[in-house]
């Protein structure tokens, strides 16, 4: 290696060909003229670099040529920046241009730019005229240390990056570090990812240099440029040194292995996994950032395989974090730039399969065995199973299989001691060397914060075994807010540390913040104590929690400090450790009762003594401590004891499996209270415990022999209660009948990472273990491990390391493997716990990704209890009952529950005790409901529940933890009208008007709710039915049970109707005809005209009522669209925040689909995507500016990345100027599948573009001739599109039939021909009457056979010709619909049954949407009775009574159905029981007996009795259906009508089941209302 003042050369492949230095332009140009003589030099660069450097280099090259007396041509080519330029077309464009410039084989190409320019221009050089000379002039740090060195050149293809290229060595590489001055900070840091990678993989000495200098390097990187000054001047030598180290390594490796025979792929450390992430996250996330994440994952893989020590993972991770590189896809940096993108493990592994390092199907990854040293001299073969464990969000733990009997496990260093030691060492004078430090998220957060505060610097010795802390007790105002994630210990300790920051000339503030969970954890008592001591601290969000803002003053004043310490001992330790640096000695008084966790306070005092400060406990005052004013002195070396709380898990492993385990460095002399766990908990449970001062050994009893603990106080080891709870679940070896363990003294565990007591109770239930909360503890009913259930939905861990590890112990004895969700939560205290399970305990693990990770406390949304809030009179009780019925939950009115509890009425309570007392009682009832009934209930709150701040906080917390708080909104005028006639409620306090109360509470309702349900204004018709229909759609979306989307995208053609009315009420009358054939309806919110708006766009309230009106009018999904002006709509682009507000509101309304324009800001897109839950998103882009071309779709493809990331469906809309535009679009549609599997809506606007609408097959926007105007130019109707497809041959003519005899009078042909005419289908429907079922055989085999209905007598006989049956047809044992289907290219005939569907639809249309909790009656026991019973069960009937003249036949029908159908046969011969039957109140009745056959008198009497008693106020919901229709009004209908039933004859069922068959055959829906009138007129003519 040679060097001069400004440049250092590094040899590669036997030549001095890589030069690293400053101001190299003259050297570069002289090199070209002297060593690369040519008639033409071609400089290729991009538009980012050209303005800064191109003229400078062309001038320098011209001057060099003059100096040498030559006159070559100097040509320049400037191309667009970015990865999209690294493609075949750009390469061809440059080559064609070079040919046009008469470039020959002596041409020399100069690649001046980043990796894209170097790779692409290098590949041009490799292939132009079979290879020309070139040099690399890298302008980014990443290119300098990576892509420019080694001769790799390539371009990207649609299938992946760098898949086409060549090895072509440059003549030279010039890394001119002056280029870095104009490099954006993020791009510089991106390059640091590669620098760190090289050092971590190859040279620990280089890595140490990087570890020691992040602050000074980042300060220079972020320093603003000043003309005439080099921004890196103060780190000039350091910068060159770290870049040289990386360059030197790469040159050395390339020299040894130019063509990647094995050694060179070591340079791909971090890339196997990093490239997989990059394939998904690029371009939002940069290469070096992805490699950073990949490094961490590959380090974790090395550790998981038992090759790399845990501290090495922590060390490299901290180094990456110190340079602000992301270390996880969950980092804030990733969320900021690409938070909307998902990285499914299956996809990552699939991408990893395409890696040049692989050996066939075997994946190879660079595995490290130490920092600076690889496991092998080439990438190591690793199984997909092991990779999946590291990459997966969740982990599956298999039961113990007796593979080990005696194990020694050393837990990581104590989190409590590690964090205290970091604080004390940072404040101490001198250098402290810490060993056995815990490497975890918590300690990394603490170290990063202390560095940012200027308190200490950190470095590593002994290959990462020793942390060297250079402290001194001086603090400065940090340059940014201190993000503490979910590190509660760090938050509490650093709050007081931050108070020591003194005033400075620059001013500033200290902000402590954290993640969502951290922002609800308490810190109020500590803040109160510090405020009282003169500290300026304010809450930035929630009172009593982070984030905090602290204004530096004169530090801690000192003197007497009073602190409430009954919640957390960490408050005490925080003040104790900082007290010596107060302005005067401190007397710390703990007030409010007995302090919690005294042993942790004692630990802190003992550690302070080790650093030279003695705390004196008062002998005269309880819980009082005297701390002198002093400075800490470093003890030099300080060994951190292993974490005693963590030690409980391996010891519990021994206890539950009957094996032996030793923890060698925790014993009876430990400072930690949890060290008593073995002696005080495991021994009484039946374990043999041996404990020395420094070690603990546990031998468990035989499996199943653990003893329950009647009562154990765990106040001195509260964190260990979770481990004890897991063991107690299978502790049943006792003499008594009850195997109950009671654990007390752990109240503080309710305010840890989560409410741990509630969490354990909830998750134990998944194992079938009964448990419950005590005032300060938990009780657990132990049972045999053989009786445990395997939790089907997995164990939710609440982002709590101890919950995860405790349940990992219990899963060892479950029947089958158990999934533990969010495995990464253990990084807080034992990052490699899963590795220990695998390597030490030989437990089989598997990485899994749950389809939908359960949300907090508990519950998937589908079973979460629903809490209703809203004004009195909004309809909470009515809607609550509907929700309970539809979700099969129980309904509670919390006002009524309060009255029961206090044995009084609310008006009396208010009159006697006042509103304040009432509100407190109301709050208590709500708290009890959430604590005890968080699933399977619906609760209506009183309208004023939001008046109480604590209640609002409770509701908000419930939402954050996964519960549903539904705000019921009703038009204010309607509420006022209703309340004016309702006198049963107490007057508001101070006789306040209802309107004022509404206005005051309205924002509180909005603050507390997770969703909104706007009650529709229904002027006429069946109000209850429409309300139930609206609620049904809402609930299907909110609970994730909606399946329409999946069905719609699988159909050959699907459509949605575009509504463009200024007021939806004007559209209602058009809808029955307009929605024919449609799968959804689009509500264009931007076109609504709010009469009260002065802004030019409608208010949220107005749109809400319009949305509710539409949802009540149709039973179709709604697509909600706010189209901006730039995209062809009316909503002002300048009012983006208001547009986002509307879209977020639509999500809360449970809208089925949201159209999300890609033109909104990334922040808006992310905000909406983050809250989408079960709503589907169409990401749309309308090329109204006509900048995109289907023929050259680069612009479309640039949109595609973001469209697929945010959307479930992509919608691209162009403008057709010629018919060719439509054909180009189809070519794009075909190629689209190579980019993504997301559905595509792609159309052209305008009349010329109509053909594109015909070709589009997924959710094509349509109009209808029934509407007064179209929504967009060129829009077609469903009928027009289907007609066009038919004319083109895309839809072939088909023939449909009715099989049966006699069928001459059937009206089925009329029905189906009407439907064909309405939709444009080229189909026919005919009667096929045959005396034998054999007659249909030839028809079934015809190629144009489209389907058939089957009636008597062939519903059973037809089965012999069918290949398969639907589940319903198989269950009912009869077929009335034959459907030809294609499966793997083979035609099959499928039998279905729509009889039951016809019955269900008839009841729904009549208003009986849901029979939950109600009784039903079926009369008759023939074939149709089965369909009727099936339909009643589908509608949710509680009991289904069956009445038939012949009891034995009724019993036969009953025997067909499972027990859960609750079919009960009525014995009509027992006339003495008639009085009992009148009490049944059957809400739904289906008669299946012929109308012309008189019933026995005993049967008639029973029917009359059964129908006689129905609630007068609910008569419209009681429906009688007679399957007979000759005559139209049957005798039984007359009886039912007399008693108040809504009566329907069988003609409607025939129509409904026929429409159901039509939908099955065609995929198109025709609304019943549109064909009903015509059908009934024709049928009436026939009967009359």
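All residue numbers here begin at 1 and follow the chain in the order shown.
Note that Cβ sites are derived from N, Cα and C of the backbone, with glycine treated the same way.
Copied over from Swiss-Prot:
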REGION    1-384  region '3-dehydroquinate synthase'
BINDING   46-48, 83-86, 114-116, 119, 139-140, 161, 179-182, 190  NAD(+) binding site
BINDING   130, 146, 152, 162, 194-197, 250, 264-268, 271, 287, 356  7-phospho-2-dehydro-3-deoxy-D-arabino-heptonate binding site
BINDING   194, 271, 287  Zn(2+) binding site
REGION    397-843  region 'EPSP synthase'
REGION    863-1058  region 'Shikimate kinase'
BINDING   870, 871, 872, 873, 874, 875, 876, 877  ATP binding site
ACT_SITE  1211  active site, schiff-base intermediate with substrate
REGION    1293-1584  region 'Shikimate dehydrogenase'
Exercise for the section: Please name which of the binding-site residues listed here, 116, 140, 873, is nearest in space to residue 162 (7-phospho-2-dehydro-3-deoxy-D-arabino-heptonate binding site), Cα against Cα. Expected result: 116
Fill in the blank from the handout: residue 871 (ATP binding site) and residue 116 (NAD(+) binding site), compared by Cα position, are separated in whole Å by 61
Handout entry: Segment-level pLDDT (mean, integer) for the region 'Shikimate kinase' (863-1058)
Key = 84
Handout entry: Integer Å distance between the CA atoms belonging to the residue listed as 'active site, schiff-base intermediate with substrate' and residue 86 (NAD(+) binding site)
Key = 26
Exercise for the section: Could you find out if DSSP has residue 267 (7-phospho-2-dehydro-3-deoxy-D-arabino-heptonate binding site) as helix, strand or coil? Expected result: helix
Handout entry: Cβ contacts of residue 876 (ATP binding site) (under 8 Å, same chain, 6 or more positions away)
Key = 868, 869, 870, 940, 941, 943, 968
Exercise for the section: For the recorded Zn(2+) site, enumerate neighbouring residues of the same chain (Cβ within 8 Å of the Cβ centroid of 194, 271, 287, site residues themselves excluded), in sequence order. Expected result: 142, 146, 193, 197, 270, 274, 275, 288, 290, 291, 294
Exercise for the section: Just give me the nearest neighbour of residue 46 (NAD(+) binding site) among the binding-site residues 194, 267, 287, 872, 874, Cα to Cα. Expected result: 287
Handout entry: Shortest C-alpha distance to residue 872 (ATP binding site) - which of the binding-site residues 83, 130, 180
Key = 83
Completion exercise
Cβ contacts within 10 Å for residue 83 (NAD(+) binding site), all chains included, total 15
Practice task
Write down the Cα-Cα distance for residue 287 (7-phospho-2-dehydro-3-deoxy-D-arabino-heptonate binding site) and residue 271 (Zn(2+) binding site), rounded and given in Å.
Solution key: 9
Fill in the blank from the handout: For residue 46 (NAD(+) binding site), the three-state DSSP class is strand
Fill in the blank from the handout: Whole-Å Cα distance, residue 196 (7-phospho-2-dehydro-3-deoxy-D-arabino-heptonate binding site) to residue 180 (NAD(+) binding site), is 17
Practice task
Give the sequence-ordered list of residues that share a chain with residue 877 (ATP binding site), lie 6 or more positions from it, and have CB atoms under 8 Å from its CB.
Solution key: 893, 940
Practice task
Mind giving me a neighbour count for residue 116 (NAD(+) binding site)? Other Cβ atoms within 10 Å of its Cβ, every protein chain shown.
Solution key: 24
Problem - CB contacts for residue 86 (NAD(+) binding site) [other CB atoms within 10 A, all chains] - result: 22
Exercise for the section: Could you check the binding-site residues 130, 264, 287, 872 and say which one's CB has the most other CB atoms within 10 Å? Expected result: 287
Fill in the blank from the handout: Spacing of the two Cα atoms, residue 267 (7-phospho-2-dehydro-3-deoxy-D-arabino-heptonate binding site) and residue 83 (NAD(+) binding site), in whole angstrom, works out to 22
Handout entry: Pairwise CA distance, residue 874 (ATP binding site) versus residue 83 (NAD(+) binding site), rounded so that it is a whole Å
Key = 56
Problem - Sparsest-packed among the binding-site residues, when each Cβ's other Cβ atoms within 10 Å are tallied, from 870, 875 - result: 875
